Amino acid sequence: MFSALKKLVGSEQAPGRDKNIPAGLQSMNQALQRRFAKGVQYNMKIVIRGDRNTGKTALWHRLQGKKFVEEYIPTQEIQVTSIHWNYKTTDDVVKVEVWDVVDKGKCKKRGDGLKTENDPQEAESELALDAEFLDVYKNCNGVVMMFDITKQWTFNYVLRELPKVPTHVPVCVLGNYRDMGEHRVILPDDVRDFIEHLDRPPGSSYFRYAESSMKNSFGLKYLHKFFNIPFLQLQRETLLRQLETNQLDIDATLEELSVQQETEDQNYSIFLEMMEARSRGHASPLAANGQSPSSGSQSPVVPPSAVSTGSSSPSTPQPAPQLSLGVSSTCPSAPSPVPSLEAMPSSVHSSAPAPTPAPAPAPAQRRSIISRLFGTSPAAEVTPSPPEPAPALEAPARVQNVEDFVPEDGLDRSFLEDTSVPKDKKVGAKGPQQDSDSDDGEALGGNPMVAGFQDDVDIEDQTHGKSLLPSDPMPSKNISLSSEEEAEGLAGHPRVAPQQCSEPETKWSSTKVSHPQKKRAPTRGTPPWSDGLTTDDSERPQEGKDKQVSSESDPEGPIAAQMLSFVMDDPDFESDESDTQRRMGRFPVREDLSDVTDEDTGPAQPPPPSKLPGAFRLKNDSDLFGLGLEEMGPKESSDEDRDSKLPSKEKKKKKKKSKEEEEKTTKKKSKHKKSKDKEEGKEDRKKKRKPPRSKEQKAADELEAFLGGGAPGSRHPGGGDYEEL
């Protein structure tokens, strides 16, 4: 039976296994499982008894909240279920088990196949779960006795069974089939008279009579309230058991107190002796850790002003030879029951090998251990052994005052840190250095285990500093702009960002040859709306002469500045290529005239290929500054070569330059021809590599005069930087 009950109140079985549950058993409701999972305080058992066909199973279903079934299906075995019920509005979790009891069960063997023959002996051999097999009143808290008011023999069953009910169990006699009252044969007065005259011993439980109808749920509310009596009775029994347990606990405690009164713990003289013995037993192990067991002082009272940062550093341990007498005279705040100082060194000396693995120390070393004793704190228990304890014992005895005493590395340095007395630094510099964990060791040599304020370089500091370089303006390249040109550059568009020099530095010698071509570029590309147009036009003859007489020491400053002013004044300069190179620029110093002007210079007479040095320019079609080259490149190259060879024809050159400026303004309107101009510019750059170097020596004086005239490039250019590299 108990195994069946465990299966009943256990976890719900899978739906596929419901068919395997034997008769009389069922799975528990999910809501009940969640409620009972928190813990059940009371288990109440209600038994429904009665003759056949009196409505026991109908009541059992109704208590579960199920519907009423008209047809009669005889119950073969006892059925048990749990229902929702609680006493009024209390929070007590009550598990109510309702038993549908069958007096005589019939267990039928269920076979998989068809029944072929009758075998009554086999059927009788199996036991059924019924009232004959179980004692249904065991641990029962309430009984519902049912009968049919239309059948007399059902009431006779009640008359037979009521005397068998235990006297302490409350009983509710329920007359069912109240909906068929016109056919009733048992009157309510007959039942009440029988209950009143029932012979029950005094102190027995209660009997109540009620009528019900399972068809229309009449009487269920009364029955629901009747369950309060079994519950309150169960609660009283539980409380009585708790009271009994409480009384037993009181008696046991009184007996323990009587025994405790006679023990040694209640004898004061014995208690004092035990305390003294315990204090002597704990003296030596605690002294090794730097504590005095009988006294509450764990470190000497040292004025904070007597300790400086340098003397409190872990690198300068200072022993105190005469500290034992000084501390005893200058520390009245320590508790009085301190052992005598004569007995203290002996106890400390006996436990000295624990913190310091050195051999037996000398008397001078013993005093240093005493200083070590008073200098330690509870923190010393965590790290009892310093890395180098030996130098502390061998240090000379020079401290003459308690104010000069410095505790050892057991104390927290921040506790006594003060910078008011700088004289301790002299004494601190003489002691050997020791490693420690404190952060005050920067006074002498720094503590390797503690980082400084900014020892680690943040990654953000490096990335920000590097990313800001390409966005710097051009004056960082030793190229200055006039005030007019700077105004145009700021009003028109952003300044030119430094461009990355993608050529190797090993081929820099070729740029010395290309200096004359660099000077010629501004004369061709300067727009007519530039403010510096008159200055550029007035200097055209000198530039024509510079092509022939420029030397390797040519400063290149004026031409570079003019080229830069032209580029910054050009509204069509904002190209994708320039934006890409502005983002890619990593070496802003590399931005020099070689990158600025070689791709925009006018075409020159192609020298013999044998004189060409190693290729320095890029082999791509890209125009760094987004400037369109004219289709008249070959014609201009021939004209400019003729002009460079004939420096006397300056007027003709001015006319040519004005014509080129007009062509430049027309070309800016048609940007779709830039790709074709880039190809021509690439061919022209290959032709202009080698100008005559013998004519470069004549340009120094004229460039100085040109610089003195207030040219925009008065500052020394960055070409010298490349030569130095």
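Just so it is clear, glycine is given a Cβ too, placed from its N, Cα and C backbone atoms.
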Among SER11, SER258, SER480, SER510, can you tell me which residue Swiss-Prot lists with the annotation phosphoserine? SER480
Where does the phosphoserine label fall among SER438, SER538, SER551, going by Swiss-Prot? SER438
Can you dig through Swiss-Prot and tell me which residue of SER315, SER550, SER637, SER694 is labelled phosphoserine? SER637
Which residue does Swiss-Prot record as phosphoserine, given the choices SER312, SER578, SER644? SER644
Counting only residues 6+ away in sequence within the same chain, which have a CB under 8 Å from the CB of LYS56 (GTP binding site)? ILE48, ARG49, GLY50, THR75, ASP100, VAL101, MET146
Highest CB neighbour count within 10 A among the binding-site residues ARG52, LYS104, ARG178? ARG178
Restricted to the region 'Small GTPase-like' (39-279), the mean pLDDT of the model is 88
Just to confirm: which same-chain residues, 6+ apart in sequence, have a Cβ under 8 Å from the Cβ of THR54 (GTP binding site)? MET146, PHE147, ASP148, THR154, ASN176
